[in-house]
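Enquirer: Below, the features straight out of TrEMBL:
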DOMAIN    32-179  domain 'G-protein coupled receptors family 1 profile'
TRANSMEM  20-40  transmembrane segment
TRANSMEM  61-82  transmembrane segment
TRANSMEM  114-135  transmembrane segment
TRANSMEM  156-176  transmembrane segment
TRANSMEM  188-205  transmembrane segment
Amino acid sequence: MDKRSYLAFVLTTRWRCFMTPWVLLWVWSQPTAAVMLVVISLDRMLAVSFPLRYYFFTARYAYRLVAVAYSIMFIPIIWWLVDSYKAEPIADVPFYCFVGHNFTPTDHPYFSKFLLFATVASVIMYIPVLLMLKITLAKNRTMEDAVKYEKMKRATLALGISSFCTFIFYIVPMAIVNLKLFDNLNVFYLMLNFNAMFNIFIYIARFKEIRVGIKALVTCKFKVAWDTVLFNINTNRVHPGLSPNT
């Protein structure tokens with residue numbers, strides 16, 4: 001019999017499990033995704049609070065914002081690594097090492113709560129964002145800013161829908177899993193994957209640019225005519241009788 005068939009019955013230490021590439025990648029990317037939700041909510045808050053000023057932000061602003069989100073996760077990861085290294089070198093987890101086997105029993109609850117609290121914070125932050133968006137749009141009466149405001153509105157509402165899905169398909173099942181409200185939690189573990197799956201459909205439905213880009217990627221057409229992704233906005237509702245070409 002192949003030796004690999006016995007690996008399910010071989011045990012290893014949590015430290016060695018932590019050092020496997022797939023576990024390291026997961027431990028960094030999973031909480032980073034939650035932190036990025038907070039960053040997106042913060043970005044939308046800046047966009048609706050200072051809409052005209054926001055459009056003068058350069059790519060450097062985006063790079064710095066994302067870099068902070070990506071870098072901040074090294075702090076808890078180093079903490080978890082040290083705890084795993086300092087733990088007794090006892091082989092008590094399977095050799096195939098599923099994600100989660102790397103944590104010490106005291107660190108795993110902190111990891112789960114970090115994911116939950118960061119996601120909840122991102123959704124809570126989005127509530128004032130939507131309220132400020134309504135106020136900002138009510139104040140917009142100038143034709144020259146209509147396109148900018150419409151883009152901001154579309155992006156903000158799309159992320160608002162995404163935040164709602166995050167609440168339904170991530171926060172609720174994650175809370176149920178952490179509180180262990182039911183004996184069988186398999187359905188709720190499955191629901192945790194729905195949020196990421198729904199996001200792509202939300203963005204495709206809300207943004208023509210993404211639809212065109214995905215179509216070009218699938219059909220291997222990497223050169224797309226600029227007029228196919230042009231953001232067409234009906235500004236007649238702002239100034240009747242005017243059009244974008246006026």
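Counting begins at 1 with the first residue displayed.
Cβ atoms here come from the backbone N, Cα and C positions, even for glycine.
Annotations in TrEMBL come from automatic prediction, not curation.
Because the structure is a prediction, the values reported are computed rather than measured.
Map the listed features onto the structure and describe their local environment.
Expert: Note on the domain 'G-protein coupled receptors family 1 profile' (32-179): mean pLDDT across this stretch is 81.
Within the chain, the transmembrane segment (114-135) has long-range Cβ neighbours (under 8 A, six or more residues past its boundaries) at 30-31, 34-35, 37-38, 40-42, 44-45, 48-49, 76, 152-153, 156-157, 159-160, 163, 166-167, 170-171, 174-175, 178.
Residues 37, 40-41, 44, 47-48, 112, 115-116, 119-120, 122-123, 126, 129-130, 133, 182, 185, 188-189, 191-192, 194-195, 198-199, 202-203, 206-207 of the same chain lie 6 or more positions beyond the ends of the transmembrane segment (156-176) yet place their CB under 8 Å from a CB of it.
Cβ atoms under 8 Å from those of the transmembrane segment (188-205) belong to residues 33, 158, 161-162, 165-166, 169-170, 172-174, 176-177, 182, 211, 214 of the same chain, restricted to positions at least 6 beyond its ends.
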Enquirer: Short question: which residues 6 or more past the ends of the transmembrane segment (61-82) have a Cβ under 8 Å from it?
Expert: 18, 27-28, 31-32, 35-36, 38-39, 42-43, 102-104, 107, 110-111, 114
